[in-house]
Amino acid sequence: GAGRAGGAIDPVDFLKQPQTLLRVTTWIFSIVVFGSIVNECYVNKDSQHPELLCIFNENESACSYGIAVGLIAFFGCIFFFVVDLYFQQISSVKDRKRAVLLDLGFSGFLAFLWFVAFCFLANQWQRTTLTRGFSQGADAARAAITFSFFSIIIWVVLALRALQRYRLGTDMSLFATEQFCTDPSASYPGYPGGSGVESTETYQSPPFTETLEPNPKGYQVPAY
């Protein structure tokens, strides 16, 4: 699903590609999610509890899961951004196929992880009792839930685009093999004739022919 190997990379065209814009967008969303949780979702419940608690119903697993998924998406976006950048330099068809399949599997897996994160965080947030201390991180908690939902959509779109690239590459390879003759008994097509009409003229002797004498001068046939 890409151009021929060894082609020049235009940075401007690469940055304008929808797939690149989607990766940059979900990369930013992952920063928002795990950044919000790390910086503002660990707060004091009140003045009587000085220890930091997770704002999502005091469930440490909710905060840890949101941070983990955000970090996985963060580094995954960087990795596949580099793969997209050098994808056209990959000359092997098998290596291109592996890269596209890896992108497809990873995008689908991240979409599932974000779906679980959204459901988990939203459920724990509904059960949270907002105290004076928890109210300080309420906006950060809502931001983490909101961008988790948006991340689901983008990763699903990335998975669909990877599937489209895989199908396109398969169709093009099949198209390329059909250009060759698959029947071993078929004859190789010859060159077409000039006008398509056979000439009925008989073969003519070459020019500048000399009339050969049966007995050249000065030569006698010996008698036996």
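Quick reminder: no glycine exception, Cβ is built from N, Cα and C everywhere.
As written in TrEMBL, here are the features:
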- 14-167: domain 'MARVEL' (DOMAIN)
- 21-38: transmembrane segment (TRANSMEM)
- 65-87: transmembrane segment (TRANSMEM)
- 99-123: transmembrane segment (TRANSMEM)
- 143-163: transmembrane segment (TRANSMEM)
- 193-224: region 'Disordered' (REGION)
- 197-208: compositional bias 'Polar residues' (COMPBIAS)
Give me the stretch from 21-38, 99-123, 143-163 with the greatest number of Cβ pairs under 8 Å to the transmembrane segment (65-87).
21-38
Can you give me the average pLDDT across the domain 'MARVEL' (14-167), rounded to a whole number?
91
